Amino acid sequence: MGTENSGTVEISEPLLEEPSKIPESDSENIPDWKEQITIRGLVVSAVLGTLFCIITHKLNLTVGIIPSLNVAAGLLGFFFVKSWTGFMSQLGFSVKPFTKQENTVIQTCVVACYGLAFSGGFGSYLLAMDEKTYNLIGPDYPGNRAEDVKNPGLLWMMGFIFIVSFLGLFSLVPLRKVMVMGYKLTYPSGTATAMLINSFHTNTGAELARNQVGRLGKYLSISFCWSCFKWFFSGIGDACGFDNFPTLGLTLFKNTFYFDFSPTYVGCGLICPHIVNCSVLFGAIISWGILWPLISQRAGDWYPADLGSNDFKGLYGYKVFIAISLILGDGLYNLIKIVSISVTEIFRNSSMENNIPLVMEVIGGESSRLELEKKKRDEVFLKDRIPFWFAGSGYVALAAISTATMPIIFPPLKWYLVLCSYLIAPALAFCNSYGTGLTDWSLASTYGKIGLFIIASLVGSNGGVVAGLAACGVMMSIVSTAADLMQDFKTGYLTLSSAKSMFVSQLVGTAMGCIIAPLTFWMYWNAFDIGSPDSPYKAPYAVIYREMAILGIEGFSELPKHCLALCCGFFVAALAINLLKDVTPAKVSQFIPIPMAMAVPFYIGAYFAIDMFVGTVILFVWEKINKKDADDFAGAVASGLICGDGIWTIPSAILSIFRINPPICMYFGPSVRT
């Protein structure tokens, strides 16, 4: 968890140095901001953005856990452009050198593009409006009205993403100097990505990068071929093949405890920290191993025994609402914590401004060299300014357009509610960006849920569900893109990239995402049975978000017996676990599970937890055998596994569209004595 040591914040010279004061020996040829954005870079960004959108959609529609792909974006961007320049050079063409600034721009553009596949709500609040989610909850469920249905449509989804996704980029641009240079926020993911890109563009780093790309390509091929092989045995529907292999026995298989041979989830286990993977498994054991079997024995007492598997008045209601309780408890605690830390640090830094020591520059020595490097980064970062009037007028203009058009797309969401959202959004975006810089943990979904509950309750039963879900999208998009931009500013600061090129590449990447993210989702929507409990793409958060909107207007009166008490218990447990993590020593707190991660298998099942735990065991053993090798290549191996499985989704979707089914259905049953 990244933290800030405010005691080290000292300014010994003006933040903007004259170029003449930078020694010639310490300078390097830094391209102009326009030269950092190239046609080849944008082409590579579009290709990688498409690939990562496909991967993000798959994860979003299955388990809802999205690992950070920043490192993979930087690595693959380096690989593609280096391969292109090498190929063209061999043909005798003269090509421009590939710089770390161009590499950073590609990474920024890709992250902005695939980020919309998550914040765009294709697996959560947008999908929660559709008819299938409405039917899953049930027409007879109080507050679940047929009028509050809006099925996915390619054009209106593109329009919605366009009018809400750019505002976050303009909301915090004037604070980039304060956030990156004034408060010296770490932004751990952005810093790690910058270190990786810097290493690529040195002789030593180029060798490491070649080895990393080799590993990534090897495991990408293995993952792709394995996914293709699995397809032949998967039959029609979701009951056959390796995805339903009872590896731990048929009894545990009925309670979703089995290894389904998914390269994607094993790759997630390699990327995610050990505590996240163990928390997911712990949550699976508590829910599917203990809680659900016990509650199912109360059928006929706590809830009617003849209800369907997706009826919220039965066992399904316990699954969804207890998961929501854990998520809200964890999110609320971390929201309060981050806001408190942000306010405390802001006042602490403000109180220090009048007592900043003036330190004379010492010539020579390691400290002088580091100071010169810092001055150079400051100079480059501040050289290409983004005017305050441009950011302010851009935000106002986009907010005005969005305020006018949002009620057209979602009639229950009145214009004055949209306007109020945009008035408070910059403050929440600052809190989220500041918290992300301190902890590397973005709470965009939590801010979205706050907007959902508030707007749903204000609108009431006459359209409150759709209005709340749309308001969730507005808030979530703004705070998410603002945090992503500030993290990319940190990456650009450390790689000597222009802030203006970072901002422009974010704009371009966001524009790409507004087209690519809906198109790739539309591929899934037409090729697969999205949202069905019997589909591999169950879209678990769609039901959860619609239920939260209904709760905002209806209350808890229709829940099954003792469900509310259990929800309150797990909500308090989430708060207590987080508090325990914060008050215990680090050597103890590192073993305390994360409630947010525990909640995911409560609704989805235990199978993906087994896969992720296999990934974390592989990484643990690898670190014990050769820690340096694991540190250097685990990310590349994980990215290869995820990307290969994600790439197979494209031909799989095409086969599904043309109604070409797998030729074999491999299934398992108990032995029968004859």
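Positions of Cβ are set from backbone N, Cα and C atoms, glycine also.
TrEMBL does not curate its annotations; it predicts them automatically.
As recorded in TrEMBL:
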REGION    1-28  region 'Disordered'
TRANSMEM  37-57  transmembrane segment
TRANSMEM  63-84  transmembrane segment
TRANSMEM  105-128  transmembrane segment
TRANSMEM  154-175  transmembrane segment
TRANSMEM  275-295  transmembrane segment
TRANSMEM  315-336  transmembrane segment
TRANSMEM  386-409  transmembrane segment
TRANSMEM  415-438  transmembrane segment
TRANSMEM  450-483  transmembrane segment
TRANSMEM  503-525  transmembrane segment
TRANSMEM  563-580  transmembrane segment
TRANSMEM  600-622  transmembrane segment
Original post:
Against which stretches of its own chain does the transmembrane segment (563-580) lie, if we need a Cβ under 8 Å and a gap of at least six residues from its ends?
Top reply: 317-318, 321-322, 324-326, 328-330, 332-334, 337, 556, 589, 592-595
Original post:
What residues in the same chain, six or more past the boundaries of the transmembrane segment (503-525), come closer than 8 Å to it by Cβ-Cβ distance?
Top reply: 33, 37, 42, 45-46, 49-50, 53-54, 57-58, 61, 105-106, 108-117, 120, 122, 152, 154, 157-158, 161-162, 165-166, 169, 173, 386, 481, 484-485, 488, 537, 649-650, 653
Original post:
Of the listed stretches 63-84, 105-128, 154-175, 415-438, 600-622, which one has the most C-beta pairs under 8 A with the transmembrane segment (275-295)?
Top reply: 600-622
Original post:
List, by number or range, the same-chain residues at least 6 past the transmembrane segment (37-57) whose CB is under 8 A from its CB atoms?
Top reply: 66, 69, 72-73, 76-77, 80-81, 84, 96, 102, 105-106, 109-110, 113-114, 116-118, 122-123, 264, 501, 504-505, 508-509, 512-513, 516-517, 520-521, 523-524, 642-643, 646-647, 649-650
**OP:** Could you check if the transmembrane segment (415-438) is in contact with the transmembrane segment (600-622), meaning 3+ Cβ pairs under 8 Å among residue pairs at least 6 apart in sequence?
**Re:** no
**OP:** Examine the transmembrane segment (450-483) against the transmembrane segment (105-128) and state whether at least 3 Cβ pairs sit under 8 A, considering only residue pairs 6 or more apart.
**Re:** yes
